[in-house]
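Taken verbatim from TrEMBL:
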BINDING   9, 10, 41, 42, 73, 74, 184, 185  substrate binding site
ACT_SITE  72  active site, proton donor/acceptor
ACT_SITE  183  active site, proton donor/acceptor
Ligand code: DGL
């Protein structure tokens, strides 16, 4: 075992989950798989997304991780159950945790969800939230251009604000008090959401589904809340597309000072074996 936790996203979105993980967990290494060559997942078919997720979970298992987090809502929608059925190591998604968190904090029981087209269409959030509280009204909007802006590292403030505002306007007069950032690319720009709501004088709780999912990972791995840092912590990044493009976004999003980092290009043909097993 490599004493590591695996994280998987279609691209750079999972960095928002990695951020939560390194804030809370100091005694583990991390292995991150970003399938940037095949992203965006949000416009792909459920079958493709399921297969990509099975491949990713097999890849991370081969890296010897103790547990994997599917740090992608779209992949969680279509690939979590299939991956949990196929592999016998712990695999977590993030949707049920985002749902639990949002149901807990809403007062007026009106929740907004933004995600990829595929996540919104799947109605996985709707069904999970309804199963927790059938009286909640959930409205969802797909924001594909926001995914791409974050993936490309286009963080210029005005540009970001314009994209986010355009989408939030789509909710019209729906007076939600809670919004789920139901795509891991979105918590990367959580501050832009905060600023917009502040300017508009609106008190909206912003849910990052990664929060409870990392707590759950800690429970499964028996990691104490005040876990002691280990020396020479590593984060190994495996990227299927352009490694330099990924680094460009990574460097703007996370300060990984103090970690030993490695970057690897992954050839997708090495994934063929996982679907055959
Ligand atoms: N970050 C992913 C999510 O949480 C999906 C982005 C994409 O590839 O479309 O849904």
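Using the three backbone atoms N, Cα and C, a Cβ is placed for every residue, glycine included.
In TrEMBL, annotation is done automatically, which means it is predicted and not curated.
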- prompt: Just counting, how many other CB atoms are there within 10 A of the CB of residue 41 (substrate binding site)?
  reply: 28
Query: So, in DSSP terms, is residue 72 (active site, proton donor/acceptor) helix, strand, or coil?
result: coil
Statement: The largest Cα to Cα distance in Å among the residues 9, 10, 41, 42, 73, 74, 184, 185, listed in the record as binding substrate, is 12
Statement: Around the recorded substrate site (9, 10, 41, 42, 73, 74, 184, 185), other residues with Cβ within 8 Å of the Cβ centre, ordered by sequence, are 11, 13, 14, 39, 40, 72, 75, 116, 119, 147, 183
Task: Give the three-state DSSP assignment (helix, strand or coil) for residue 10 (substrate binding site).
output: coil
Message: Using Cβ atoms only, which residues of the same chain lie under 8 Å from residue 9 (substrate binding site) while being at least 6 residues apart in sequence?
response: 15, 17, 32, 33, 34, 35, 71, 72, 75, 184
- line: According to DSSP, residue 41 (substrate binding site) sits in helix
- prompt: Expressed to the nearest Å, what is the distance separating residue 73 (substrate binding site) and residue 183 (active site, proton donor/acceptor) at their Cα atoms?
  reply: 5
Statement: Rounded Cα distance in angstrom between residue 41 (substrate binding site) and residue 183 (active site, proton donor/acceptor) is 11
Task: Work out how many Å separate residue 183 (active site, proton donor/acceptor) and residue 10 (substrate binding site) at their Cα atoms, rounded off.
output: 11
